[in-house]
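Asks: Pulled these from TrEMBL:
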DOMAIN    23-211  domain 'Mediator complex subunit MED14 N-terminal'
DOMAIN    288-343  domain 'Mediator of RNA polymerase II transcription subunit 14 RM2'
DOMAIN    358-465  domain 'Mediator of RNA polymerase II transcription subunit 14 RM3'
DOMAIN    650-738  domain 'Mediator of RNA polymerase II transcription subunit 14 RM5'
DOMAIN    779-838  domain 'Mediator of RNA polymerase II transcription subunit 14 RM6'
REGION    957-1095  region 'Disordered'
COMPBIAS  1057-1067  compositional bias 'Pro residues'
DOMAIN    1142-1216  domain 'Mediator of RNA polymerase II transcription subunit 14 RM8'
DOMAIN    1234-1363  domain 'Mediator of RNA polymerase II transcription subunit 14 C-terminal'
Amino acid sequence: MVPVSIEGCAQGTEGGGARGGSISLGLLIDFIVQRTYDELTVLAELLPRKTDMERKIEIYKFSARTRQLFVRLLALVKWASSATKVDRSAHIMAFLDKQALLFVETADVLARVARETLVHARLPTFHMAAAVEVLTLGTYSRLPAVIRERLVPPPSLTAGERRSTLRALAHIVRQRLTTASLPNDVRNLKVENGRATFTVGQEFSVSLTVMGDGPNVPWRLLDIAILVQDSETGEGKPLVHSSQLTWLRGVAQARLAAAGLNGALTALRFFCRSLSLELLYTQTLRLCRDRLARHLQVDKYIPGQKLQVSYWRELGCELGYRLIIGAEGENLCVWHVPALAGGERVAAALTPHAPSMERLLAHTVHVRSRQRLNDLKVLLNDLGVECTVGGWPCVLACSVVSPCLRAEQLLVSVGAHGGKLRARVPAYPATPKMNELAAVLAAADLKALRGLLTQLRFWLVARRCEKTLQHLPASVCEHLPFLHGPDHPLTKLSSDRLYVILHRHSDHILVVEMKEVASGSTATTSTSTNSGSACSVALSFHLAGARRCTPEECEDESSATSASPSVARAYLKIHSVVELDTFTLTHGPFTPLDTPGMQPGKRKLASSGNRAVRVRQPAYFLPELAHVVAAADERVPFVNLAQELSNRGVTHGGVQPEWSGSALGMRIVSLPKPEGAPVHAVAALRSRLLAATIRLTTKNHARVWTAEIVFHGSPIRTPNPKEQGERRCVYLQYELGTDAGRTADAFLADWAAIVHIHTLLHDFMLRPAQERETLWQGVGIRSYTYRSLVLGFGPGQRATAVLQWNAPTQRYTVATPAHQHAANAHHLMHHHLENYINWNKDLLSLGVVLRETYAPLLSLSRLPTLPQLGLHHVRTLMPTPTFTLLAHSWRKIRIIYAGAYSLEVGIRGGNVVTIRDGAYSKFDRSPAVEEFAPAQGLKAFLSRYVEDNISARLLAEEDNPLSPMSPMPPGGLRFQPPLTPPQPHTPHSAPVTPHPASPAQHQMGGGSFNLTSPPGGAGGAGVGASPASPLAPSPLAPAASPHQPPTSPFTTWPASPSLPRPSPGHHPSPRHHIDHKGPQASSSNTAGGRSRPWAGAMATPMAVSKLEALCTPCEPPPGAPPGPALAPLQRFLACVYMKRALQRVIQQEEFLSLVSVDATSVTFCCETACMVARVALHPQHMQSLHLHLTPQPDNKDNWTAEDLQVMEKFFEQRVAIAPYRATALQGWGRVWGAPPAALPSLVALMRAELVPISPALWQLQWALRIPPHGPQIVPAGQPAVLLAKHKILFFICLTRGDTQLVLPLVYDVQSNAMQIAERRDTQQPHLSAVNLHLKRFAEFHQPHGECILWPVVRDLIINFSLPQDAPPPPAPPPS
């Protein structure tokens, strides 16, 4: 606790140092700021008088001085932040010093008293009598009497004695006042507490009393209070000084003694009158000095007698406007020059207790202004203008138009200072010609005044027009750039006119003509409710048609069409002017202005007994103008549209108001037949048409055309609950633009779309019901809105196809919207579906096609199509789609895997599809297509998914090549050119086929069975479709249904392969030419194996359920390494792709030699490892690659069975697995090129990855391709094993928790050393730590001739730890 200093003890400088006076830091900052401000103020006053150089010097000195001052302040503030502790310590030390000083002084004083004073001290003799009296009685009575007489005051009167004394004195004062003669105006007196108080005219107050009860005792003046005040400029201070008041009190006491009470009151009244006059004079001088020097002047002033003031000096009156204030009798009076009627009101403003010259002048100006404005009122009444005078300040309000709002009245006032007239309209501060009008009013020029009032009246009506149209899509302007001749009808109108521009119709302008109604006539507009008034304005309306043009186009009509569109057309040319009948527009049907019995706000008529209520509108609202503009805005588009529809053969009933007047509408009587529509379908649709109406509606704050077409029911019942009524409405909306022809074309285009969609449904309903039900099992119409037709198919008819008519292309469009959070499977071939429906125009066959193609397309849609990086073996950073689906037709789909393999899927119907290798041409199967490579083993793979009833003979036949001389099947093959109508087959048709059918085809079915279709005879049970189905092959005999109506191309043209087309993809050719390094390796095909390269060219039929299993992702089959869920087809193609990539690696590497190749395996020999390797597909499911190693007979002892098993397992679980990268396979192939001494260490790496060693700090992973997060020594995605002369570069990944290290290791075979491969431009801390660890290992480990590759890696796994200063790199996201 900090000690508190003793009160009254000043701190010295002995203990606390030099601690003189202190000051608050805030106060010090205030002083500094005040000083700086003062110096700035002085500089601002002195610098303008000095030269430029002196100003610069002074400013520099000031800035330097101020900067030094604030630097000191800054240092002080910084020190003050820690000064509290110093102050606290100083206070403690000062307090302790003070206490020590007190102790020392006390000891000194006590010693001095003991040594000097108490030596001679003696006690006096005690006064016993006084002590006994004080102790017993409590008082002392032996004091001298003179003390009581001189010092002790006499006892005061009691409260009762005071009240009785004052009551008696008040009685005496009343008796004296009763007998005394007082002035007439002195009646306000009050007797209280023995004194009489007189208040005279609110000028002064006097208090009197008497000193005795005798009749001749004079009055005694007690107090005087002057009541005259200066409340405006006196600032609350008394006007009479205390010394003056003392002198005045003496004068009044003398007059009381000499002349009595009347003399004293007279003297005081004269003093107050002189004081008021002096106060008015002072106020006048102050007004002249401060504000009214130009308008106010003191002409004469006689103290105590007269004050003459002149005002309104700018008017130049002969006598001038003067105000004279003087004494008349005992009061002040006011005289006016010239004489002023009602001057007594001004005199009342001169109050005695608070005289104010400003208030007196204000009352004078008000009364004189009222007098002038009354004179103007008489003048304007003669012109027929209603006027009223009132208000403060006084204002003359003139109703220029009738009726007139208060804000629209012309207000004329008199300037209080100068006396000039001022005119204004409150609602419009910028009203023109107000100064001229004020000058004319001052001069009383009737002729000029009448013209200005007329112009003002027209201007106000124009503003009313603007307010009336402020919420309508129109604007008012007074001038437009018209180009017309002197004889134009526009020149015959009045010059006072307005132009209303319709925002929505730039080609029409409404001309509003204004005319003043003469006295005695009747106005016809809302501006003249009083008939015959001179303040009325009549409006007439003209609708003008205009177009933009240039001056040259106005002179020459023919040049208007040849003018360049880039030329700016800044002028308007009126080509037609039509006068509108206002009465007809405002008194038509459903117009509430003149409908008898119509109540405002209600649409039903009131009873006849009730009196009609007239709707009251604001004065500024012109209902006729609003109705005319609204009618023009509503009807002009209808007129233009009606003309365009009539030109296009549409019969309509004109523009008519809708029921209850809610809107305007145009009823369509008849619609034309669209081009290309059948007559019977149009007639059937017209029989259902009930009504068609075109209206203007509002949508999203914009006006649009809305066409309502009402039909009776629907030709077919749909499950949609909104389509169940007997009255079906179709709403069409179009933008409201300036081109009505475009709207008419859009309406007719929509009508054509309705007709064409109805034609499809009408022809469908003409089919027999049994045929519809038989062929449309699982297909239905979910919705029919007359504009679109929605077909539902699939399970629960959840998949949909939307048919619409596209007017610009004159074709049907088929949309395949998504359903249940998934894409529609038919989106792949919706263009082919559009071509099919536009060629056949048969809804029945389209439904069959949608049903039969849904399941195969849904199965194919399960294949992944996302692009992948590194899938291509050369451009590893180029994204390559996994699967690409291309629809060659609605029944032929091509599947492309990684841009390398192509499969062709044919849809046969009856839940049967065919699959063939698309790398072979249908016309010549000996070579493959340049862009794709054959998928070897495809036939054997697909045979595992073919059902027994379909593939009983397929599995037993040999894949023999087709002989060029094989016999042609009867009837040959027929091919359909794309998007061209099929030609019916006749017996005389020339057989055209690029290759004959195989004998196997003759064994499986009829002679017309093509390569892409399953047999349709007894051997193809479950494959054939319905005879009327689009997917059913035509019968072989011409006599079978020779006149059957075609429902699709299949009935007259059996399933045939389409013409070859170039591949839409621009993928690089995966077929790389292999430079053979010697004699060709022998293939198992030539050795008599079962598989043939061209076996996949023949179509393999299978059920759709098997295709679903083939394309659906699933877990790896038994015998395959674990991995993600992939489709069996993807696994097979990926294995084939990897096998082909391995063959390319064998051809590229010198240390590998190819032994044999067949459809499912590759056998090669490794020279350095002295062993033969065979990579083959799994014999059962063909969805995984497996390695089998066999050491050469001369080197069987170099490899143990465990080593061979590790290498085989490493290939199966680390190389040939998803995501199937060819670069990883290439890196694995380069491992076989390592020197023989390093191969056991590499095998140990494989073993450590498959079976982690323990104990270990890190988990090992051998990277066969460059990871993206590794050191950028080699581009990412490339093979991660590089062999260069006697060095091996490989990458390993060490993982521990969230930390992962990618280490590029270089093993030198000659020096048997290991080091880190680093780029010189980039240094990574963890790589430096690994390099340091390797150096320490090399120092303390002696290889003794063995390869140190595996010992180094093992030491890293077990002993390596990251330094504390090297931040570990974060683990990358899983790839």
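One-based numbering along the chain as shown.
Every residue gets a Cβ built from N, Cα and C, even glycine.
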Asks: Of the residues in the domain 'Mediator of RNA polymerase II transcription subunit 14 RM2' (288-343), how many are helix, strand and coil by DSSP?
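Replies: Its residues fall into 7 helix, 28 strand, 21 coil.
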Asks: On the DSSP side of things, how many residues of the domain 'Mediator of RNA polymerase II transcription subunit 14 RM8' (1142-1216) fall into helix, strand and coil, could you say?
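Replies: Counting residues by DSSP class gives 28 helix, 26 strand, 21 coil.
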Asks: In the domain 'Mediator of RNA polymerase II transcription subunit 14 RM3' (358-465), how many residues does DSSP call helix, how many strand, and how many coil?
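Replies: Taking the domain 'Mediator of RNA polymerase II transcription subunit 14 RM3' (358-465) as a whole: 58 helix, 21 strand, 29 coil.
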Asks: Within the domain 'Mediator of RNA polymerase II transcription subunit 14 C-terminal' (1234-1363), what mean pLDDT does the predicted structure show?
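Replies: Over the domain 'Mediator of RNA polymerase II transcription subunit 14 C-terminal' (1234-1363), the predicted model scores a mean pLDDT of 87.
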Asks: Determine how many residues of the domain 'Mediator of RNA polymerase II transcription subunit 14 C-terminal' (1234-1363) DSSP places in helix, in strand and in coil.
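Replies: Going by DSSP assignments, the domain 'Mediator of RNA polymerase II transcription subunit 14 C-terminal' (1234-1363) contains 39 helix, 35 strand, 56 coil.
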